[in-house]
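Participant: According to TrEMBL, the active site, proton donor/acceptor annotation covers HIS448. Residues or ranges marked as active site, nucleophile in TrEMBL: CYS470. For 365-494, the entry in TrEMBL reads domain 'L,D-TPase catalytic'. As annotated by TrEMBL, transmembrane segment applies to 24-44.
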Amino acid sequence: MRENTVEGSINNEMPGKKSSHKKAFRIAMIILGVIVVVIAGVYLKIAIDYNTHFFKGTMINNIDVSGMTLEEAENELKADAKKYSITINFRGGVTDTISSSDIDYRYEHVKEVTNALEEQNIFSWPANYITGNKNEISVDMVYNEEMLTNLLNSYDTMKAENMIPPTNAYVSNKDGNFEIAEETYGNQLDTETVINAAKEAVSNSLATINIEDVENAYATPSVYKDDEGLTSTLSLINTFTSASITYDLPGGNEVLDKATTIDWLMVDENGAYTYDEANIDSKADEYITQMKAKVQKHTFKTSSSGDINIGFTVRGYSSDCGWWIDKASEVSQMLSELKSGTVTERQPVWGVAPFTLENNGYGYDYVEIDISSQHLWVYKSSNLVFETDIVSGAMVKERYTPTGIYKVAWKERDHVLKGDRRPDGSYEYETKVSYWLPFITDIGIGMHDATWQSSFGGDRYMTGNGSHGCINLSMSSVARIYSLVEKGTPVIVYYSKGCPLE
């Protein structure tokens with residue numbers, strides 16, 4: 001009986017426990033359902049809100065409009081536009097600032113903002129919230145381009161009269177030393193480029209623009225200090241001006257160095273030097289032309305008439321009368337030495353060299369003949385050792401004794417003087433002389449005895465007793481001269497009162 005009672009008791013309890021479990025399950029399901037409904041409601045509520053509000057992380061022109069309505073976002077953009085300004089930095093530390101009111105800078109509704117809101121997937125807001133992805137939107141602000149242009153043009157920096165153009169690097173002469181002066185950049189602007197760059201910067205709502213960084217805004221030099229052509233020019237100039245030629249000339253030295261050659265370089269109004277071959281060649285030619293003319297003045301200190309200049313004869317024959325510079329050869333050698341920086345001392349390239357460099361090229365042993373006074377002097381070691389009267393060539397074009405600087409070609413005893421050769425082979429005259437000292441060999445002029453002359457000196461050469469050009473001397477005089485002078489002795493012939501035929 002007890003067993004039955006126990007079993008019955010157990011059986012009676014089981015239905016009650018099952019009912020309790022079911023009840024708890026139902027409650028749990030109800031709670032879960034409520035939670036789901038609440039979550040769904042919240043989800044839908046937020047999703048619906050994002051129909052009119054921007055997602056988290058939405059940026060318009062760098063302004064965070066997260067959670068804002070379209071109107072709120074646009075109001076924020078308008079407010080921000082009023083605070084806008086842009087700073088323009090020019091070269092040299094010059095800065096100007098433009099505010100929004102200066103150019104009527106403002107926000108006006110644009111479809112991009114509306115589209116950004118409408119294109120939001122409102123049901124993806126949880127993912128947006130969790131990831132925090134940013135949606136950056138850029139919209140153009142509105143401004144008055146004419147106001148911006150006028151404002152920029154009003155700046156002193158943008159006015160032509162205040163602009164300093166750039167300068168090229170160049171070779172300069174600083175205290176006598178050549179060096180490269182560096183280029184300068186100045187502040188010359190291309191105003192159109194500046195205005196376009198400013199418009200672009202304002203359109204992009206930039207806070208700063210550095211005009212230095214804008215391509216082609218500033219004019220630039222075309223030649224810089226490291227330019228190969230410029231460094232080459234400097235090298236040429238330094239080599240050229242380092243050269244020095246000391247010319248040993250009759251009467252003294254002449255130095256050609258930087259003091260002169262610097263003026264052979266081209267230099268502009270800004271002090272920029274250039275090495276111009278053609279100009280240098282031309283200056284070299286001028287220099288040697290002047291030297292040649294000076295040397296050919298043949299200044300001579302006469303015995304009775306002071307200093308005179310003895311020029312070349314014009315009688316129409318070729319003769320090494322005097323000394324002269326071979327211009328073409330000298331110019332060529334001089335330029336070669338200058339352009340290679342040579343330092344040297346030398347004589348010029350002579351066409352005919354002087355007898356010596358002493359006593360203006362005449363030396364101290366010479367024969368002096370003054371046709372005007374019909375007189376001759378012989379000097380040895382600067383001392384007068386003999387003098388005498390003469391008879392020179394008749395004063396007609398074909399017979400006068402020409403001015404010049406000559407030398408005794410040779411000495412000869414018992415020589416036969418001959419006139420022009422006739423067609424039959426005979427000579428116009430044949431005259432034997434005891435002493436013959438020729439000094440103009442081209443036309444047979446020299447010093448000799450003239451026993452046919454009754455006297456010497458005075459004006460006999462002008463009154464029908466003149467020679468064919470030779471210097472007529474008495475026998476005793478020519479014998480003395482013959483004993484005093486040697487081959488190569490200078491013979492200086494001049495007219496102290498001028499020669500009407502030259």
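Glycine residues also receive a Cβ, built from the backbone N, Cα and C atoms like all the rest.
Note: TrEMBL annotation is automatic and uncurated.
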Participant: Do you know offhand how many angstrom separate the residue listed as 'active site, proton donor/acceptor' and CYS470 (active site, nucleophile) by C-alpha?
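Facilitator: With distance taken Cα to Cα, CYS470 (active site, nucleophile) is 8 Å from the residue listed as 'active site, proton donor/acceptor'.
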Participant: So how many other Cβ atoms are close to the residue listed as 'active site, nucleophile', meaning within 10 Å of its Cβ?
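Facilitator: I get 27 for this one.
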Participant: Taking the domain 'L,D-TPase catalytic' (365-494) alone, what is its mean pLDDT?
Facilitator: 96
Participant: According to DSSP, which of helix, strand or coil covers HIS448 (active site, proton donor/acceptor)?
Facilitator: strand
Participant: Three-state secondary structure of CYS470 (active site, nucleophile) from DSSP?
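Facilitator: Going by the DSSP assignment, CYS470 (active site, nucleophile) belongs to neither helix nor strand, so it counts as coil.
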Participant: Let me know how many other Cβ atoms fall within 10 Å of the Cβ of HIS448 (active site, proton donor/acceptor).
Facilitator: 24
Participant: Using DSSP, tally how many residues of the domain 'L,D-TPase catalytic' (365-494) sit in helix, strand and coil.
Facilitator: 16 helix, 58 strand, 56 coil
